[in-house]
Amino acid sequence: MDVTIQHPWFKRALGPFYPSRLFDQFFGEGLFEYDLLPFLSSTISPYYRQSLFRTVLDSGISEVRSDRDQFVILLDVKHFSPEDLTVKVQDDFVEIHGKHNERQDDHGYISREFHRRYRLPSNVDQSALSCSLSADGMLTFCGPKIQSGMDASHSERAIPVSREEKPSSAPSS
């Protein structure tokens, strides 16, 4: 059996006339010019770097920080209101679920849903957890860490999502 080996420089996901990143997770965000230029976008795909204007958090990717004093989850949920979000803690996990029904936008009808689950460190004080949504759509889940002599309770409970009027200023590491 003959197998054709192509250098990654010449690989194209759907052929030379289709952008290779149309099906990324940026649904409803629109396209940039380089998304529609197949020779620029798919020809250099293994070495391609996204525009500097799109940050990691713009892509819906969460950021988890755990330092000596607290545990923090930052998640971009700009397409959801606090009523669309459910945050609950069960045992050693925090579950964040977002869903909004089909609604009309500039391009037609769209519905979104996500479900994220994170393991909480064993020394997080589950009775003091908080969750807030900034004006720019950044969900911040915080939990202070307890001293080693104290015992953390492990039961299921919902964490209310409060709305902040100011944009998120992500705490520095």
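Keep in mind that glycine also has a Cβ here, set from the backbone N, Cα and C atoms.
The feature region 'Disordered', as given by Swiss-Prot for the ranges 99-123, 149-173, sits at 149-173. The list of residues near the compositional bias 'Basic and acidic residues' (153-167) in space but at least 6 beyond its ends in sequence, with Cβ under 8 angstroms from a Cβ of it, reads 82, 85-92, 94, 126-127, 129-136, 138-139, 141. Highest Cβ count within 10 Å among the recorded positions Cys131, Cys142, Ser162: Cys131. Summarised by DSSP class, the composition of the domain 'sHSP' (52-162) is 9 helix, 59 strand, 43 coil.
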